[in-house]
Amino acid sequence: MSQPSPASLMAIKIAIVGAGSVGVTTAYALLLSGLAADIVLIDIDKNRAQGEAMDLSHAGHSAQARVRVGEYEDCAGAAAVIITAGVNQKPGQTRMDLVKTNYALFQDVVPRVASNAPETVIVVATNPVDVLTHAAQRLSGFPVQRVIGSGTAMDTTRFRHELGHHYGVNPRNVHAVIIGEHGDSQLPVWSLASIAGMRLRDYCAQKAIDYDQDAMDACSRRTKEAAYEIIRRKGKTNYGVASVLVSIIEPIITNSDAIITVSRVGTYAGVADVALSMPCKLNRNGAHQDVPLLLSESERGQLRESALSIKSFIDSTKVEGV
């Protein structure tokens, strides 16, 4: 597939709704990436957003990009609009505890984005990301492929880090994914996890080491609990998710058909009209699920449980009229 020229990249606009920690860190990562010429910050606190834009502009002295504060009208023509606005998760909270407050915010934000940028791709980072990805798709009226949640892309990155550390290899050489909810019902796909083209048990056999399922379970547990641990220690997560958001934006801008584990609305394990994460092909038209993931029977059952868990929260927002 053809790649855009440097000149065409310099015409790219990305809008970020929410100039909090995640939004601003994402803007900084985008600025340094060179993927966009125009980065627009939209926030209710315009004075604070202006200060962030000024600071980012000073950081971008070697980057050929502009960072500015805008209104929803400035979403027009954006290749993607990233939504990070919302109440942050606090120590002791689950992501689902945020659903009522952030759902109400999306009822205001998403229609304004959609009306001003009807051809854009919406990327949702606000938690609970699966419930809000579903909400954004419904509120925007966009095709499902053009509303993407960051989903388990962050969890997958953390999972590969854990496995790479355990086996003593670079995480980039570990092929393993977390699917389902970006939350407590997420599941690692052990049946497909591999290093150097070999399933983990085969890799261990070739390396003449024991395959330790307890150690693997500990890796997945640390993956699931990572955000809680970071929030307990520093009060927020921002660097990891910002880097993941840029990795999602890149194939949208470059039309490169990268496969990333993201959330979008679909039918999963027999559960219809729910958003959760599966590996998707990303390009300028959004996220596409071209090939069903080959799961074991046990994993299919766990995926269904995850889908039903998310579905219950989606249905509760409809019943309560939030």
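Cβ atoms here come from the backbone N, Cα and C positions, even for glycine.
TrEMBL entries are annotated by machine, without manual review.
Listed features, source TrEMBL:
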type	residues	note
ACT_SITE	His182	active site, proton acceptor
BINDING	Gly18, Ala19, Gly20, Ser21, Val22, Gly23, Asp43, Asn102	NAD(+) binding site
DOMAIN	12-149	domain 'Lactate/malate dehydrogenase N-terminal'
DOMAIN	152-316	domain 'Lactate/malate dehydrogenase C-terminal'
With every protein chain in view, what's the tally of Cβ atoms within 10 Å of the Cβ of Ser21 (NAD(+) binding site), excluding that atom itself? 17
In sequence order, which residues at least six apart in the same chain have a CB under 8 Å from the CB of Asn102 (NAD(+) binding site)? Gly86, Val87, Thr126, Asn127, Pro128, Leu132
On the Cα atoms of Gly18, Ala19, Gly20, Ser21, Val22, Gly23, Asp43, Asn102, which are listed as binding NAD(+), what is the maximum pairwise distance in Å? 16
Residues satisfying Cβ distance under 8 Å from Gly20 (NAD(+) binding site), sequence separation of at least 6: Asp43, Thr84, Ala85, Asn88
Listed in sequence order, the residues of the same chain lying six or more positions from Ala19 (NAD(+) binding site) whose CB sits under 8 Å from its CB are Ala27, Leu41, Ile42, Asp43, Asp45, Arg48, Ala49, Glu52, Val69
Binding-site residues Gly18, Ser21, Val22, Gly23 vs His182 (active site, proton acceptor), shortest C-alpha separation belongs to Val22
When pLDDT is averaged across the domain 'Lactate/malate dehydrogenase N-terminal' (12-149), the result is 92
Looking only at the domain 'Lactate/malate dehydrogenase N-terminal' (12-149), how are its residues distributed among DSSP helix, strand and coil? 68 helix, 25 strand, 45 coil
Below 8 Å Cβ to Cβ and six or more residues apart, same chain only. Which residues does that give for Gly18 (NAD(+) binding site)? Ile42, Asp43, Ile83, Thr84, Ala85, Gly86, Thr126
CB neighbours within 10 A of the residue listed as 'active site, proton acceptor', counting all protein chains shown, number 30
